[in-house]
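Noted in TrEMBL for the protein shown:
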- 24-397: domain 'Luciferase-like' (DOMAIN)
- Thr98, His148, Tyr152, Ser223: FMN binding site (BINDING)
Amino acid sequence: MSTTPRKRMILATAIIGVNEHTLWEHPDAGSQTAFSSFRHVAQTAERGMFDYFFLAEGLAIRERARRPFDHDIAGRPDTLPVLAALAAVTEHIGLVGTLNATFNEPYELARQLATLDHLSGGRAGWNVVTSFDAFTGQNFRRGGFLPHSQRYERAEEMVATVQKLWDSWADDDLVADKDSGVFVRDANAGAYEHHSSQFDIRGQFTVPRSPQGRPVIVQAGVSPRGRDFAASSADVIFSPFLKLEQAQPFHADMNARAVAHGRGEGALKILPSANFAIGDTEAEARDKARHIIEQQLSPRAIQVRFEQVWNRDLSGYDLDGPVPEIEAETSPDAPQIIQGRALIHSDRAATVREWQQLAREKNLTLRQLAHEVIATPLDFVGTPSQVAERMDDFVQANGSDGFVVSPEVVPAGIDEFVDRVIPILQERGAVRTEYEGTTLRDNLGLQVPARVPARAR
Ligand SMILES: Cc1cc2nc3c(=O)[nH]c(=O)nc-3n(C[C@H](O)[C@H](O)[C@H](O)COP(=O)(O)O)c2cc1C
């Protein structure tokens, strides 16, 4: 009788920066920029046998009515120096950075990531993002730069070009033989050439082949174009789907797309972002979850989240008063009151009407409406064994291949998960008890892709 082998759970943890989920006012919250915070999270996750540590990227400070607003003030330091510093104080855990494919150049990204792969002994990964909006682009030389579809065209070219650069050195090109005086075997090592609609570059790449050959590619972005891009090029997808009814079809769709691109079943790993609240009893965990949501929905957060949809100044409305009976400002010439966040609701006018209707029916205040329509319930709430069991069941049911566990409090939020949930996951055989290999590809069970020499392209 054949049995389907149990899937091992892939685990990553993330510092996502300061946003509406982050409890930076929490008494246990530390700095979002001090190295000690990053080191604490990475080393604790390594103690918990996590596969990788992950950094999100924000390239612009969000604005409300042209002024920075609280959520982003703590800032986000640049990804690569943080990961390079972490490489020195960790041994096994992968180091994955979010880096934008729209605003960077392939030569510089290939060089930086290959360098991180060398420094870390093969633990580098790149989360390829294309950016949410033109507002971010204002910080870059080309301004707003590229509509959605062309951002993916550039991202596809970017990844193909970066991989070409990584493949430009053969494994044995760097000889450095002191006796014979031969440093590089082939004078053409690192030679590359790439001409396309996006890039027109040629030269010799300066970084010899890195331990993983090609650092791991992660992709976040779920439009049809984003899915095809991931299916052809990514090793891992950072997905937003954590409800089984959405996650299973997404998992199946992505695997089918990967197979259609000639890739083997299981070549693509899917990891949704997940958070948790743990208690000694289920009731205590629910209390904690409720408290987390109350802290997330601070008066300021409620105001800016609603202003994002109404596109009007709502600072004069009492949160404990009625929901404003005004329409969303949708005229094309109207300035955006909130800048620098993804527009979640594509039809603002309809969303506002729907919310007003709901408030009338249930007699809700603005604050109560926020709890109904803005609050995002925590994903795994319960005792350590309930959390472990539900996470494991989700993976076994092909909801995903694992999770990016993202606690709201930096840096101490991950401790409880590692101390209380990981041992149970290990007992269930869902999480390793020792690292098997040395590279991020080893952690993830991914093959090293064959190098494509320049002549073969
Ligand atoms: C789960 C998830 C995480 C993301 N994280 C980031 C990020 O840290 N930085 C960033 O600039 N964009 C981030 N993005 C934006 C995507 O890269 C992409 O630009 C955006 O989702 C639009 O692409 P799409 O229409 O294919 O979803 C994220 C997207 C998703 C779905």
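Count begins at 1; order follows the chain as displayed.
The backbone N, Cα and C atoms fix where each Cβ goes, and this holds for glycine too.
Structure with TrEMBL features highlighted.
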{"residue": "Thr98", "record": "FMN binding site", "DSSP class": "strand"}
{"residue": "His148", "record": "FMN binding site", "DSSP class": "helix"}
{"residue": "Ser223", "record": "FMN binding site", "DSSP class": "coil"}
Inset, instruction - Sort out for me which one of Thr98, Ser223 has the most neighbouring CB atoms within 10 A, since those are the binding-site residues we care about. - result: Thr98
Inset, instruction - Rounding to the nearest whole angstrom, report the longest C-alpha distance spanning Thr98, His148, Tyr152, Ser223, listed for FMN. - result: 18
Inset, instruction - With an 8 Å cut-off on Cβ-Cβ distance and a minimum sequence separation of at least 6, pull the same-chain contacts of Tyr152 (FMN binding site), or say none. - result: Thr130, Gly221, Arg225, Gly226, Phe229
Legend entry - Intrachain C-beta neighbours of His148 (FMN binding site), sequence separation six or more, cut-off 8 angstroms: Thr130, Ser223, Arg225
Legend entry - Average model confidence [pLDDT] within the domain 'Luciferase-like' (24-397): 93
